[in-house]
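Asker: Straight out of TrEMBL:
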COILED    98-146  coiled coil
DOMAIN    56-97  domain 'B box-type'
REGION    363-418  region 'Disordered'
REPEAT    263-364  repeat 'Filamin'
REPEAT    429-472  repeat 'NHL'
REPEAT    476-519  repeat 'NHL'
REPEAT    520-561  repeat 'NHL'
REPEAT    565-608  repeat 'NHL'
REPEAT    612-655  repeat 'NHL'
REPEAT    656-699  repeat 'NHL'
Amino acid sequence: MEARFHHRVKNMKGLCFLHPCIVGSVTSSNRMEAQQASPDSSSEECTVLEALPDKGTALICSQHKGKVSVLYCLACENSVCEDCMNGEHAEHPTDSLENIVDQQLAALQDRVDSAKNRLPQIREAVQSLREILQQLNSQRSSIEEDIHSSFSELHKTLDTRKSVLLMELEVTSGLKQKVLQAQLDTLLQEEAAINYNCSLTGEALDGENKAVILQTHKDVGERLRDLASQGLPLQPEENDQLDLMMEIEGLRKSIHNLGTIVTTNAVASQTEASGEGLEQCIVGQPATVIITTRDKSGGLCKTGNAIISAEVCTPDGSVADGEIVDHKNGTYEFQYTVKKEGNFSLALRLYDQHIRGSPFQLKVTCSPDDSPPTTTAANAASTGSSDGGARKRSAKSPGSRSRQKGVRRAGSLFSTPKKRVNPIEDDLIFRIGTKGRNKGEFTNLQGVAACSEGKILIADSNNQCVQIFSSTGEFQSRFGVRGRLPGQLQRPTGVAVHPNGDIIIADYDNKWVSIFSSEGKYKAKLGSGRLMGPKGVSVDQNGHVIVVDNKACTVFIFQPSGKLVTKFGSRGNGDRQFAGPHFAAVNNNNEIIITDFHNHSVKVFNADGEFLLKFGSNGEGNGQFNAPTGVAVDVNGNIIVADWGNSRIQVFDGSGSFLSYINTAADPLYGPQGLALTSDGHVVVADSGNHCFKVYRYLQ
């Protein structure tokens, strides 16, 4: 009733129910406005609130002019006069108009009070946000100063080294020049002396004057003999070598990767904790709590680096020993040990704010038998989702996350270039790689291919090369030189193997596709001048090269010679359109399967580019995608898709119906990219976020 009354008052344009002691006069223009009420006013209403100048503050019934409304019809929620009550409102329940006004005044006052009670909370939140904004700006300014300072120091160091090299060059070349110049001066002096004395002797011989000849022999002959027999430095006493050795490429790569801005989107109000360590632990034995960070929408954070603190306190204030381990996938592990029994408080904080459920009440006992059979309601709820905060501890590099069941254990976080034994029984056979630039190391690996000879090829995008491994994970070779000339690689993203053994590489930044021999020797390129940003490549049953142009949202089909066979697709959301397509695969019917990244779907076309079907939608359920990437097809026509945003691998039949997942729970994926089927029927996937590739069992 109050809501309807309030709505009616709102539509009366200034006329309202008021207590008789505060009702004021309403002009005739107000009455006109009241009679021209809002479009939802009804003709069935028999009373309009108004007041006449000669009636003071009384409310006058519009249906019975001159009659004062003193009652309120509860059924119609309107004020009425006595004539109204003798008419159509005769059987309606009524109450005193004054009582109703008093009630509604009280209700309005309660609502005002309730609204005002929120003001302290709002002000506190505003103050907190202002402090965070101030701290954010302060951090930004501080980091900006650090960047300027660091690079200024680097400039100074480079300038100093430049001066040292120039000085060293000057000294070294000067010493060499001094030796060579002295030798040159000596030889020139000897040459001049010989020429001079020979000239004098020649004049004497030409004159045939015996006296002159005797005198010349006496004065010059001895000198000529000495000049003729004198040992001269005829061989160079110094060389001209001056070389500069500078490892520019290594330094350039180091500078390219110098520094990173570290942050997360995690918020304390959505971050939760789980594990037995929230409820109980045994004296002297380590206990564990898993903290899962989430963003403002409740989505799982993908990287580590959050500033988390944790402390276990007794009522007297003492703190237990503990350590936070950053799993680098958005989850953190707090490991602690308590040395005495009793009731404790476990506080978990994110950015100095308690996460959900924090602080938790913790029971410490001497043995498992002493532990309580049930947990408190607060802690029981927090095992699924909890709130809290911790002692500051930040990580330095982003890592992996898990969208699958279970939490990654600390021992499975770090990639190695060697084969790993799977610690948990699932489909993982082994993983290869870690972050780096050496053999068997990767930086943003993307495309994957497998050939009948049992080789696995990886497009190592940021290392500008392709690395080749055996089917059992042993490194065999790699090739690729960074550059923008034919035969060089700038950003290889896709790789495929032609039936003739040639290796086909999509080079996103060079905007062409390069063809190399099976030994890694450059042969040709195709698509130059047509492609804008090729991402994935594949080969169909005719030996044609299928290129997925991510930037142009178009699929190109070329002959190996470079001749364009056909192309299809454009930017958009339609069946024949794409939004950032990634990779391609071809089935036994020569049908082309494309992953449509931003449209969260997979689309199938025939060899001529005619649309056949699509499947998938945005989400986390079975058959849904969050930006699909890699794709492969088995001998039965089943389609295997890397679900990048959901960090999983799904399997569908040829018509797009969901079949199953590949179990990746033991060592969760983080942003999988390229997919391929090996010659022995296993699935190999580029786990780009973990800087490795993994091989899984796949039962066809």
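Using the three backbone atoms N, Cα and C, a Cβ is placed for every residue, glycine included.
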Asker: Taking helix as H, G and I and strand as E and B in DSSP, count the residues of the repeat 'Filamin' (263-364) in helix, strand and coil.
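Answerer: The repeat 'Filamin' (263-364) comes out at 3 helix, 53 strand, 46 coil.
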Asker: Under DSSP, the repeat 'NHL' (565-608) has how many residues in helix, strand and coil?
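Answerer: Grouping H, G, I as helix and E, B as strand yields 0 helix, 24 strand, 20 coil.
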Asker: Count the CB pairs under 8 A between the repeat 'NHL' (565-608) and each of 263-364, 476-519, 656-699, then give me the winner.
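Answerer: Looking only at 263-364, 476-519, 656-699, the most contacts with the repeat 'NHL' (565-608) come from 656-699.
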Asker: Residues sitting near the repeat 'NHL' (476-519): Cβ under 8 Å, six or more positions beyond its termini, same chain?
Answerer: 439, 446-451, 455, 457-470, 525-528, 531-539, 543, 545, 547-548, 550, 558, 560, 583, 674
Asker: In the repeat 'NHL' (612-655), how many residues does DSSP call helix, how many strand, and how many coil?
Answerer: 0 helix, 22 strand, 22 coil
